[in-house]
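Summarising the annotation, TrEMBL assigns domain 'VanZ-like' to 34-118. Here TrEMBL flags 38-56, 68-86, 98-118 as transmembrane segment.
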Amino acid sequence: MHKQVSLLLAFAWTLLILFLCLIKAKSIPVVPIENLDKVVHAFLHFVFTTLWVFFFKKQFAATSFHKILLFSFGLSVVFGITIELLQEFCTTTRSADVFDVLANTTGATLAVIVFYIWNKRKYKAQL
């Protein structure tokens, strides 16, 4: 994936998450599945972390892959916490939820695990 394309995708996904998390809660359709919102949060941050890893891997090719994973994971966690703070203090229809932060972190963690497994298999295939 080209560097500019990966940046565009990562940035667009970031804006999509920001939009979805800050729109009025009434604008979001209610689906009667318990904790579905937590699964959605985990998915959003799984993709967020994945897209930023792809970009940083292209942008900083000489940087260790472990550092890129750690930075992308940290970025996802900080972004998730920031969104919760924005919901609490900058909207009137949303509120912060520590379980959303945990779901976000779970999604980011799963992305890192997938990359570690993928990278390990790729390394073994080269031997």
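Residue numbers in this text run from 1 along the chain shown.
Note that Cβ sites are derived from N, Cα and C of the backbone, with glycine treated the same way.
Mean pLDDT of the predicted structure over the domain 'VanZ-like' (34-118): 97. When the domain 'VanZ-like' (34-118) is classified with DSSP, helix, strand and coil residues number 71 helix, 0 strand, 14 coil.
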